[in-house]
């Protein structure tokens, strides 16, 4: 094992594991194994209304049937309120966040007006200077202006990336109006506390990465290496998800789905001859992954 490498797969328990999720799980698992590292599973169950009872246990059981068992006990976001609160308090003390009283309608109206004026569609910073008599609803992280707003990073699959937080995003929410923690804060705190060094996930989250890197800088925590794999889409070109009718994986015969997931990732996991066991598949797939993303040699 390489104690310096720590990766993770972070599903939301909104339903059973489907093929699109399998691609993400497989990519993160292969990267961890190719590097001789530790692979974790984090259950992202913060969104109470969307969480399906029993779905998390079903996801973990399906992963086990497919030969992917985490190296440490799963992490549950729903148990980590104190960690998120402590992070927000640090940002408040540093003057980096502010309460926001804007409703969704007010923000939508501002963005619509900006669109009509052909100006930025980012959150306009209405509450930066105060609530103006409105009750506090959410907490936002203040993003910098000018050149300091540009976050660049090199993605291991998607290559050079750049985003101007001021013009493309605006001050973003860390705690929502309904009291729930926002995805960006929870992910950054969880990755830091778990010592995650490598994040492998779907390209639908590529747009979130610059925000997470900026938040990591604000909290003074390390930035992992990022790799965003192509997402699986349905016949209409929509991301395959539970919301678009993705069906649960068949546990009885994992190999066909694993081969299809490897093919989606551009891996010739069978090599010159077909493999007939899960162990043989993973050995071949890990070698194929390492040839692209290293460093299994030795």
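All residue numbers here begin at 1 and follow the chain in the order shown.
Quick reminder: no glycine exception, Cβ is built from N, Cα and C everywhere.
In Swiss-Prot, the motif ''HIGH' region' annotation falls on 11-21 of the listed ranges 11-21, 22-32. When Swiss-Prot records 8, 9, 10, 11, 12, 44, 201 as binding L-glutamate, the matching candidate from 183, 214 it lists for that site is 183. Looking at 234-238, 239-243, 244-248, the stretch flagged in Swiss-Prot as motif ''KMSKS' region' turns out to be 239-243. Here the motif ''HIGH' region' (11-21) has, by DSSP, the following mix of helix, strand and coil residues: 3 helix, 1 strand, 7 coil. Same-chain residues lying 6 or more positions outside the motif ''HIGH' region' (11-21) and placing a CB less than 8 Å from one of its CB atoms are 41, 43-45, 47, 50-52, 55-56, 58-59, 62-63, 202, 231-232, 239-242, 246-249, 257, 260-261. A distance of 21 Å separates the Cα atom of residue 127 (Zn(2+) binding site) from that of residue 183 (L-glutamate binding site). What surrounds the L-glutamate site, by Cβ distance within 8 Å of the Cβ centroid and not counting 8, 9, 10, 11, 12, 44, 183, 201, is the set 42, 43, 187 from the same chain. Here residue 201 (L-glutamate binding site) is positioned 26 angstrom away from residue 123 (Zn(2+) binding site), judged by their C-alpha atoms.
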